[in-house]
Amino acid sequence: MKKKPNLKKNMRVMLGVFCCLFVLLGTYLLYSTVVYGDQWFTTPYNPRISASKNIENAGTIYDRNGVALAYTENGERKYAESEDVRRAVSHIVGDIYGKSLGAETLYAKYLYGYDQNVVDKFNSAQSGQKGGDVYLTIDSDLSEYIYDNMSVGPGAVVLMNYETGEILASVSKPTFDPNTAKDDTEESGAKFVNRVTQGLYPPGSTMKILTTAAAIENGVTDMEFECTGEDIIEGQRVTCTSVHGRVGLETAFEKSCNIYFGRLAAELGDDIMLETANEFAYNYNFQFPNLTLYNSQFEVSGNMGDLAWAGIGQYNDLVTPMHNMLIAAGVANGGTVMQPNTLKDVRYGGVSSYTYTPTAFRSIMPQDVAAQIAGYMRNTVESGTATSANIGNATVCGKTGTAEYVEDGETKNHSWFVGYVQDAAHPLAIAVIGEGEGFGSAYAAPLAGKILEHAIDMGY
Amino acid sequence: MIIKRFGAGIVLAFMILFLLSGMLLLSFAGGAFNMEAALLGVIFAVFLIVQYNVLKSIFKHLERFALLIADFLCVISIVILYRIDPETAQKQLIWILIGNVCMIVAMLVIKRTHDFGKANWFFMILAVGMLGMTLLFASRIGGAKNWINIGPFSFQPSEFAKILFLIVTAYFLSSRERKRDMWPYFLFTIACVGLLVLSRDLGAALLFAGTFLIVFYVGTGSVGITLGATAAFAGGALLSYKMFDHVRTRVEVWQDPWATYNDKGYQIVQGLLAIASGGLLGTGLGLGMPEVIPVGTSDYIFAAIAEEFGIIVAIGIIALYLVFIIRGILIAMDARTKFDKLLVFGATAMLSLQSFIIIGGVIKLIPLTGITMPFVSSGGSSMLSAMMQLGIIEGVALKNGEYEEAELEEMGGGVA
């Protein structure tokens, strides 16, 4: 005889379970709002902040030298007088209509004083209290210089102090003018996109820094290869622009031999390449406190031909100019990448309420590997593909890239250069990209050299 | 009994006050006085007073608190819906009125019925048929295929299949002693859940599977089989996680909605922003921006409520559901037949599970699965279904009261 189920007892058990579930629901709701509420509220994605923007009380946005880039006068938001300056810093400063992701949006919580009294967020905004003044890390003069020297077409330049992570200049073309941003519509050029942080490009040969690091870290450094200008790797044709002859790792890097690095990536295999890419913060969700950086991508398919292409920065590889610059900065800084930052400090009525402290982001390679790659990058500028980046007043190290892409059925090339100044007195890292500008050595490398030379002259 | 009635009256008075002040505030929101909002509030207030008093006097064993909680949730629904979109609120009011009719019909049917007997076989075919039809003909809304359009009307068959599922569940678990005789019911459950998964209606699939597990455990007391079935459903969930992109996306977005805030995580992020912007006390009715929350009138209505009324009221709503559950389970315990016990318990379990799944999803406690919030979300099918479940609970409550009265009479018979 089986025992009859005791329904009442079972129901009581379930009642207990439901009580626990609903208490958990209430507790979690309270907990998450108390702990994360302020952080969530002040994210730039909160449309409530931009909607309640009270221009009257907004603080001023200054560059690192105290040049006012955006300020309120007679209830109106004003920007730098020179159109070139306005345009050069437009993506960093942003606009008040939420069209771009600049300081006006990212630092709205300071500019409108929401960080002061988050308990009654909206009341503080309505009370007429003046917002905070925001000091950026960028130099507006240097930004203007870069803007004037870039080509007319789309592209991006980012310059950072690799010891502190301060972004000294970040220029993305096409630009917009904040004075007329209200009526601007997005055109084919997507001018509100900040290409430095939001533009995802195939890295092309600049990817060879990563492939080289993978090889050195895994002891695959003595591979030699006869470059005949063309090779087939698992059914996929890889070509070089010239016949490089017999090359080892060092010469292949200097000459940027595609076939060598394609072979090398295939030799290293999917796992090692993917592991190194992840170390380099590919496929990583960047969450920097003061700036938004899109995620870069590195994929493997199991096909060695695809991996060969991935090893030379094509296939499905995608990187932002800022991330690519950070990689060069890592090489320069002994493998450690500093967290990039654009917010220097915030002051309320002259009293500082927030000051950024340089913070390391992560180590992307051991120090000895960084030193070895630094040598290769120096040789590349000295006698390899990047000689056009050589300048008189400092030692530049770098790597060019020519990234293929197809537009309207036509194969075109992005011109890349990533590099840095090898001098503790001038710790500058740079990335330059020109969309459709052809070889890296033709546009990006000489422009990078010119910018670095100017920045050093300015005292950076 | 007097104290109880007095308590219920206070709840009703408070609810009316909330409704009228809310609607009055909204009628002044646009600057000029908006007659329509005030009128809607008055109509609904009058209806609630009439509904409560009429039902109370006709059915003296009415479970007052369950009814009042459902009414209170409807009041919150009307106020917040009118604030977001007046037209939706007007439609919602009509659905509440129709829902009340459905509730009374369900009440009377349940009161007069034993366990539907052989009709259960027809219910099974009907439920599977409805879900199958959905899979074949439905249009996709928000990733899930769960709407059928007939002329100008569109309805969600899964909402009505719920009621059938509850009846069939109670029937099989109460009429079959041996588990091996329950196999048609097991097949039926698997068919329902399977069809819902294929329609990508993950919320409903989770709800059916969860209700099955809970009611099966209560009805049979068999911990072993319940755990086994839980493992089987978990295995199924894992398999669908591996097989379907949209399931994986749900989990990824749950883990970190901020990573894809302008894409897949948009809805969750906007919900969290709304809740955070309201804070403990809320922005105040009309002062927030709940209109930017995707599906803010339906699945995400909890975020809209939290924004404007604050976390404290939001927790109050969670407490309301909990009181509702407690009342439902007490009625289930009180029921005289096993069928009635399991039917009421099933209806209560389903409503509570449904509110847990959606609120938990909105506040990011669990992965989000699209499902409506009972009595609050806009939408006809959902309102009618919830009202019918309330009708089931009330129907059994009436039966309980009559039995109790009969027993008392028997006992007191000698004295009189």
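Placed from the backbone N, Cα and C atoms, the Cβ positions cover glycine too.
Listed in TrEMBL for this protein:
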- B:7-31: transmembrane segment (TRANSMEM)
- B:37-55: transmembrane segment (TRANSMEM)
- B:62-81: transmembrane segment (TRANSMEM)
- B:93-110: transmembrane segment (TRANSMEM)
- B:122-141: transmembrane segment (TRANSMEM)
- B:153-173: transmembrane segment (TRANSMEM)
- B:185-208: transmembrane segment (TRANSMEM)
- B:214-241: transmembrane segment (TRANSMEM)
- B:268-289: transmembrane segment (TRANSMEM)
- B:309-330: transmembrane segment (TRANSMEM)
- B:342-363: transmembrane segment (TRANSMEM)
For the transmembrane segment (B:153-173), sequence-distant contacts whose Cβ falls under 8 Å of one of its Cβ atoms, 6 or more beyond its ends: 106, 115-116, 120, 123-124, 126-127, 130-131, 133-134, 138-139, 146-147, 182, 184-185, 188-189, 192, 196, 199, 201, 204, 207-208, 211-212, 215-216, 219-220, 338-340, 342-343, 346-347, 350, 379-382, 384-385, 388-389, 392
Mind checking which residues of the chain, 6+ beyond the ends of the transmembrane segment (B:7-31), have their Cβ under 8 Å from one of its Cβ atoms? 37-38, 40-42, 44-45, 48-49, 52, 64-65, 68, 71-72, 75-76, 78-79, 82-83, 285-286
For the transmembrane segment (B:93-110), the candidate among B:37-55, B:122-141, B:214-241, B:342-363 having the most Cβ pairs under 8 Å is B:37-55
Please work out whether the transmembrane segment (B:214-241) lies in contact with the transmembrane segment (B:122-141), by counting C-beta pairs under 8 angstroms that are 6 or more apart in sequence and asking whether there are at least 3. no
When you check the transmembrane segment (B:342-363) against the transmembrane segment (B:185-208), do you get at least 3 Cβ pairs under 8 Å, counting only pairs 6 or more apart in sequence? yes
Taking residues 6+ outside the transmembrane segment (B:37-55), which of them lie with a CB under 8 Å of any CB in it? 12, 15-16, 19-20, 22-24, 26-27, 29, 62, 64, 67-68, 71, 75, 78, 82, 86, 89-90, 93, 96-97, 100, 104
